[in-house]
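Annotated features in TrEMBL:
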ACT_SITE  Glu308  active site, proton acceptor
BINDING   Lys23, Gly93, Arg121, Gln166, Arg339, Arg380, Lys405  phosphoenolpyruvate binding site
BINDING   Lys23, Ser24, Arg28, Ser164, Ser165, Gln166, Ser193, Glu308, His335  3-phosphoshikimate binding site
DOMAIN    10-412  domain 'Enolpyruvate transferase'
Amino acid sequence: MSIWSAPTVTTPVVATVDLPGSKSITNRAFILAALADGPSTVRGALRSRDTNLMLNGLSALGIGVRVDTADETTITVDPRPVRAADVYCGLAGTVMRFLPPVAAFADGVVGFDGDEQARTRPLATILDALRGLGVEVSGDSLPFTVTGRGSARGGEVTVDASASSQFVSGLLLSAARFDDGVTVRHVGPPVPSTPHIDMTLDMLGTAGVVVDRPESDVWRVAPGPIGAVDWEIEPDLSNAAAFLAAGAVTRGAITVPRWPATTTQPGAQIVDILSEMGCTVERADGALTVTGPDKLTGLAIDLRDIGELTPTVAALCALADGESVLSGIAHLRGHETDRLAALSTEINRLGGDCTETADGLRITPTRMHGAVWESYADHRMATAGALIGLAVQGVTVDDIETTAKTLPDFPGMWQNMIGHV
Ligand SMILES: O=C(O)C1=C[C@@H](OP(=O)(O)O)[C@@H](O)[C@H](O)C1
Ligand SMILES: C=C(OP(=O)(O)O)C(=O)O
């Protein structure tokens, strides 16, 4: 773990930043490919800690995984019978929630473990759901085991998915391979990050799996094959957010090439947020450019659907003019770290003014000063620290390496974006 001096700029940052593939789309494509009725090729895949953990997990479970020798973002996945194995989840929500349903098809015991910090992330909902679908599961959090019998019954389960949309996505991705299919019924406070469930439905549809929605909060998948698809992965728009924000806070202009014309990625909503804060947005030749205003305005916004943008948005708000209120994000207390506590502690350590509310943050911009910004093993906390450091001298980010969770070389990309200052 190293301390990284965040570069500060006094002139606008103007650059083009090409982002690697989406974490969420890559890890869904890997699961669907592993359970498909033939080999699939995934092109433009993200290669980062979370996606490598998914590939390692699938490979341990006996799935054929071949990385193109000339291009590590092209991966061929060959479905094979699932076998007993040990799976390491790191801190990846998509791995700890999407792989246990796959393990239900194993021919023996699959042990799951992860980082120390992952042991407190919510998991009981999906493990209970698997029990309800006829699968033997020990434990309620990491570490736990799933004992497969080669196939699993399936049926209908009621879950409270208010802590994470990934419980629903995880069950639906494997649902068609259960003997009776799977019906998931959510009962409880609203499910967060529902656009990520829409992404799951969209990709299932591409693979030929129909998801019926007899009522809101009910998803029904009939048993049947999952079609092999050659997946082309879009750039990661949630990761793009931190870079676009760098243009926004420096009166600069950041261009992201290959910005999809339509997308299921919730991260795309950063564009509306930046525009509400005063930025100008233009599209040309498939690229998107955000230009920062003289001064960003604060905003009041419900981020329940797009919680993963919160660290970037909070950093922008700390540098804006006027108070901001971020709401609808109580579930962020169960993300990589308690993101509400982490953001308020770190913004306040720099002399900012951030208070936690029951379901979010209230941020009043102040003149901030340099200090150590702790990352809490959270990639988006680390990038938020880098963003504030662009405008505030003397910010050092602890454990910048944690950005490798979803970006293979964040410090290099950040420096290239800024150029030589
Ligand atoms: O399904 C996915 O790929 C994700 C769903 C969301 O999780 P939550 O519903 O737990 O917020 C999001 O925050 C996470 O980064 C990725
Ligand atoms: C919440 C996040 O990740 P995970 O997939 O580990 O839940 C995130 O990337 O912001």
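Glycine is treated like the rest: Cβ placed from N, Cα and C.
All features noted in TrEMBL, drawn onto the structure.
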residue: Lys23; record: phosphoenolpyruvate binding site; Cβ contacts under 8 Å, 6 or more apart: Leu46, Ser48, Asp50, Thr51, Thr94, Asp236, Ser238, Asn239, Thr406
residue: Arg28; record: 3-phosphoshikimate binding site; Cβ contacts under 8 Å, 6 or more apart: Thr94, Phe98, Ser169, Leu173, Met199, Thr200, Met203
residue: Gly93; record: phosphoenolpyruvate binding site; Cβ contacts under 8 Å, 6 or more apart: Arg121, Ser164, Gln166, His335
residue: Ser165; record: 3-phosphoshikimate binding site; Cβ contacts under 8 Å, 6 or more apart: Val191, Pro192, Ser193, Thr194, His196, Ile197
residue: Glu308; record: active site, proton acceptor; Cβ contacts under 8 Å, 6 or more apart: Ser193, Ser238, Pro266, Gly267, His335, Arg380
residue: Lys405; record: phosphoenolpyruvate binding site; Cβ contacts under 8 Å, 6 or more apart: Ser48, Arg49, Asp50, Gly90, Leu91, Ala92, Glu336, His379
Worksheet item: Here are some binding-site residues: Arg121, His335, Arg339, Arg380. Which one has the most Cβ atoms within 10 Å of its Cβ?
Response: Arg380
Discussion item. Can you go through the recorded positions Gly93, Ser193, Glu308, His335, Arg339, Arg380 and pick out those with a C-beta less than 6 angstroms from ligand 2?
Written reply: Gly93, Glu308, His335, Arg380
Discussion item. I'd like to know which of the recorded positions listed (Ser165, Gln166, Ser193, Glu308, Lys405) lie near ligand 1, counting only a CB under 6 Å away.
Written reply: Ser165, Gln166, Ser193, Glu308
Fill in: Span of the 3-phosphoshikimate site, taken as the largest CA to CA distance across Lys23, Ser24, Arg28, Ser164, Ser165, Gln166, Ser193, Glu308, His335 (Å, rounded to a whole number)
19
Item to complete: Note the mean pLDDT of the domain 'Enolpyruvate transferase' (10-412), expressed as a whole number.
Response: 98
Item to complete: For Ser193 (3-phosphoshikimate binding site), list the number of other Cβ atoms lying within 10 Å of its Cβ atom.
Response: 24
